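In what follows, a structure is listed as structure tokens, so that the remarks can point back to it.
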Amino acid sequence: MMAFLEFSNISKGYPGVQALANVSFTVEKGAVHGLMGENGAGKSTLIRVLSGDQAADAGNILIDGEEQKYGSVRDAFHAGVIVIHQELQLVPELTVAENLWLGRFPAKGGVIHSKTLIETVRSKLEEIGIDIDPSAKVASLSIGARQMVEIAKAVMLDARVIALDEPTSSLSSRESEILFSLIDRLKAKGTVILYVSHRLDEIFRLCDSLTVLRDGKLAAHHPQIAETTREQIISEMVGREISNVWGWRERPLGGIRLEVNGLSGPRLRHPISFSVRQGEILGFFGLIGAGRSEMARLLYGADARHQGQVTIDGVAVSPNNPKAAINAGMVLCPEDRKFDGIVQGRSIEENIAISSRRHFSPFGILSPRQEAALADRFIAKLRVRTPSRKQDIINLSGGNQQKVILGRWLSEQGIKVLVIDEPTRGIDVGAKSEIYEILYELAAGGMAIVVISSELPEVMGISDRIMVMCQGRVAANVARPDFDERSILTAALPDKNAAGTL
């Protein structure tokens, strides 16, 4: 079969970084083609070039044998290329229907007929299999529902090439299954799907072929994904063998460092109690809506709590806001690192130093020399991959952004408790190992760590103990010797006769 999409010697550089170097591969018509690589490997840059968002320095893109000369996203759109990014491109203030038909509103005599628009979109969504109210404002939807709207938009536009960048990172299992069904239907129509993901299960389930990038270069191209293995792909991604991505090892545990009794709040109505010892990593697992992130926000003081007591090293603390929590020795790395974690538009240096300024000066002012020294120390310690501490943090990969957030809190004095929500979401397998190593080092130093994750293998891989949540309650408290994937998942599933302990 002839190639439908072809990348030929694509190169793209930025100051101090060669993001892509002579990348070439082809994709057949109607194929789902996987694109993998560590964060910073060049995947996002290649997608930006394909979408017309950025121009390549050299090389060509061909679609159905025709060389593409587009220089903008609009040009790429007219060529039949649609990219669905992790950062969604919807207008929150508009309805679902208005977003799906933006720029193409059905009108008569210059007047938009809202009823016609909503009914048209409702019919299209039903046809696709997406159950979302077309009259709902996008701002009222969950992140997962917004992702489904983006995907529906691409389907309705009859694109020839659709690139999906980590499409299931915010989807529930049910939403993911709907997406997979849509991909199968698009494939049958002859649409080319470029599927960017770190999830090997999805890659093997969906993809016909696969390209692996490493350090901006083509590390491997597999025309038939069935002829490769997970271990081979991981080795190609990282350039080395990773036999145990989790790297868990037993550590001596001290006394109780964090104790929580009867914690509840507006979105967590059932009181929760637990404790974490010095050097312990306590994992929280649950399905979407189980209350994990709500618990973290209450603990940190980001949301007001109804009741409950929190003690750190036996001293009662009242984290009614994040500042109070930090003063008590507790910090949070939030679930959505782009919007709640990093300070966009600021440098790596500024993001690391922002929480430490009060320790250097009563006026919260750091000299350029102090700020640079602090940033350099944590860039080296946490192995942040960047050409310069002055680089805008938004240009870093997800794994390196997470390291910078950790560096910010490690530079804060007197931190005893770290709460980290979805520590490796959207992060490649090599960077995951590095994040886990950082957590192990912190635990070995006596820090109490609470890890919240929707990925059960991750929670089981790195935790000393697991609290399973279901419908706002603790459904199980499992010690490491008793870890069993089936039992933990069963405890996490909603049940009228809920809960107990394993």
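Yeah, the Cβs are placed from backbone N, Cα and C, and that goes for glycine too.
A sphere of 10 angstroms centred on the C-beta of Glu38 (ATP binding site) encloses 25 other C-beta atoms. Glu38 (ATP binding site) falls within neither a helix nor a strand when secondary structure is assigned with DSSP, and so counts as coil. Marked as ATP binding site by Swiss-Prot: Gly37, Glu38, Asn39, Gly40, Ala41, Gly42, Lys43, Ser44.
What Swiss-Prot lists as domain 'ABC transporter 1' is 5-240.
Summarising the annotation, Swiss-Prot assigns domain 'ABC transporter 2' to 253-496 and lists sequence analysis as the type of evidence.
Scoring each of the binding-site residues (Gly37, Gly40, Gly42) by how many neighbouring Cβ atoms lie within 10 Å, the top position goes to Gly37. Residue environment of Lys43 (ATP binding site) contains 28 other Cβ atoms, counted within 10 Å of its Cβ in all protein chains. The least crowded of the binding-site residues Ala41, Ser44, judged by other CB atoms within 10 A of its own CB, is Ser44.
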